[in-house]
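Attaching a single structure in structure tokens format; questions to follow.
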């Protein structure tokens, strides 16, 4: 008979292997401008199928993909936003440390936009 873990103890690592991506955080979906959505599904996909593949689902806006790639993850949920929504919190060449001292977000992956920018409240984020 296979050995079972004692009650109250988790099974050994690797005993259960779940595949599939995780549902993205709400801000990564709701802050995406509908006109910038990149399709992530197929016609007739359900919200469950979409979320299972790590994508966002919103059927409220006609004429754009309902299952779409989320905005890039950031260190903090309040730093997730469209690049166009960034409000400058620093100066050209600011270091991540100086930006953090200002309690602002830092991302230097896109040129020609503020790299140090004010966070946004997560109150408005939803699926």
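Numbering starts at 1 and runs along the chain as it is shown here.
Cβ coordinates come from backbone N, Cα and C, glycine included.
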Which residue among 22, 60 does Swiss-Prot mark as pyrrolidone carboxylic acid?
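Per Swiss-Prot, the residue annotated as pyrrolidone carboxylic acid is 22.
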Can you work out which residues elsewhere in the same chain, 6+ from the ends of the domain 'P-type 2' (77-120), have a Cβ less than 8 Å from its Cβ atoms?
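For the domain 'P-type 2' (77-120), the nonlocal Cβ contacts are 25-28, 31-33, 36, 71.
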In the same chain, which residue numbers or ranges, 6 or more beyond the ends of the domain 'P-type 1' (27-71), come under 8 angstroms Cβ to Cβ?
20-21, 77-78, 80-82, 84-85, 120, 122, 124-127
Per DSSP, what is the residue count of the domain 'P-type 2' (77-120) in each of helix, strand and coil?
12 helix, 5 strand, 27 coil
Looking at the disulfide-bonded residues 79, 116, 125, whose Cα is closest in space to that of residue 67 (disulfide bond)?
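Comparing Cα positions, the closest of these disulfide-bonded residues turns out to be 125.
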I'd like to know which of the recorded positions 22, 27, 50, 89, 104, 105 sit within 10 A of residue 116 (disulfide bond) at the Cα level.
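Close recorded positions: 89, 104, 105.
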